[in-house]
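*Asks:* Sharing the feature lines straight out of Swiss-Prot:
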COMPBIAS  191-202  compositional bias 'Polar residues'
DISULFID  34-103  disulfide bond
DOMAIN    17-121  domain 'Ig-like V-type'
CARBOHYD  37  N-linked glycosylation site
CARBOHYD  69  N-linked glycosylation site
CARBOHYD  112  N-linked glycosylation site
CARBOHYD  161  N-linked glycosylation site
CARBOHYD  254  N-linked glycosylation site
REGION    191-213  region 'Disordered'
SIGNAL    1-16  signal peptide
TOPO_DOM  17-279  topological domain 'Virion surface'
């Protein structure tokens, strides 16, 4: 008896011959039954399962045990006629209930004292239809439904009496008066802001000449500046010319603006370059290094004399 559940799990027989089919609609109840051929042996246990490997129930006489979430409310079991027939009723069919159901009989001979168990199984296919007409009936009858076609042609419409008039409007020419804007820039040498200063203030008026740019050729022009110094002793005007190219030279150019004489005094304006700062830094570093060298030499001489003096005192 302990080996019967193991034998049930090893059931995998598949028949090539077609088996009965039952077709029902969704919501109906389906009753599936099977009869055993061996009526002489004693039925030990009967079983129902759904392929591929879903066990529904195991029954021994009036005792029924359900598996895989199946309940008696969904599937009822009956075995009339002294276990010659086993029947199940599936209630309220759904699409998931469709499939192949297998009933099995486990039998033993009442005259045989051995533990030999005979086995029989039968399959039934349950088809659940979603429409009122059975799918099996459609396949067996060979009927096909083709869309209806209409051979009627629409009435011919005579368009000879119809005319369409299209009015095409010709737009008037659009005149776009474009004003010619001319920008005139007048440079006069007389436009000089004069600062009357008896205090010695100076006014610088620069009148740059136009720079011509044609076909990516840049022409660098000179800038003429006038420096006017007004003092109580007189007015001195100095003209200086600066080339734009000189603005990019930071090492080799050492320009000095000519001195301006005001009332007998001379003032010199110098432009310091990077080179000048480098020279100053070099001279300063040289002085510091010289001072360090002198300090080291002095310390060495003093230390040597101190050691010599200590040695003489010990002796």
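The backbone N, Cα and C atoms fix where each Cβ goes, glycine too.
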*Asks:* To the nearest Å, how far is the Cα of residue 103 (disulfide bond) from the Cα of residue 69 (N-linked glycosylation site)?
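*Replies:* Approximately 18 Å lies between the Cα of residue 103 (disulfide bond) and that of residue 69 (N-linked glycosylation site).
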*Asks:* Within 10 Å of the Cβ of residue 103 (disulfide bond), how many other Cβ atoms are there?
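*Replies:* Its Cβ shell of radius 10 Å holds 23 other Cβ atoms.
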*Asks:* Cα-Cα, whole number of Å: residue 69 (N-linked glycosylation site) versus residue 34 (disulfide bond)?
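*Replies:* So the alpha carbons of residue 69 (N-linked glycosylation site) and residue 34 (disulfide bond) sit roughly 23 Å from each other.
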*Asks:* Need the DSSP three-state call for residue 69 (N-linked glycosylation site) to compare against my parser.
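*Replies:* Looking at the DSSP assignment, residue 69 (N-linked glycosylation site) belongs to neither helix nor strand, so coil.
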*Asks:* Quick one: give me the count of other CB atoms within 10 A of the CB of residue 69 (N-linked glycosylation site).
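*Replies:* Looking across every protein chain shown, the total is 7.
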*Asks:* With a 10 Å radius around each C-beta, find which of these recorded positions (34, 37) has the fewest other C-beta atoms nearby.
*Replies:* 37
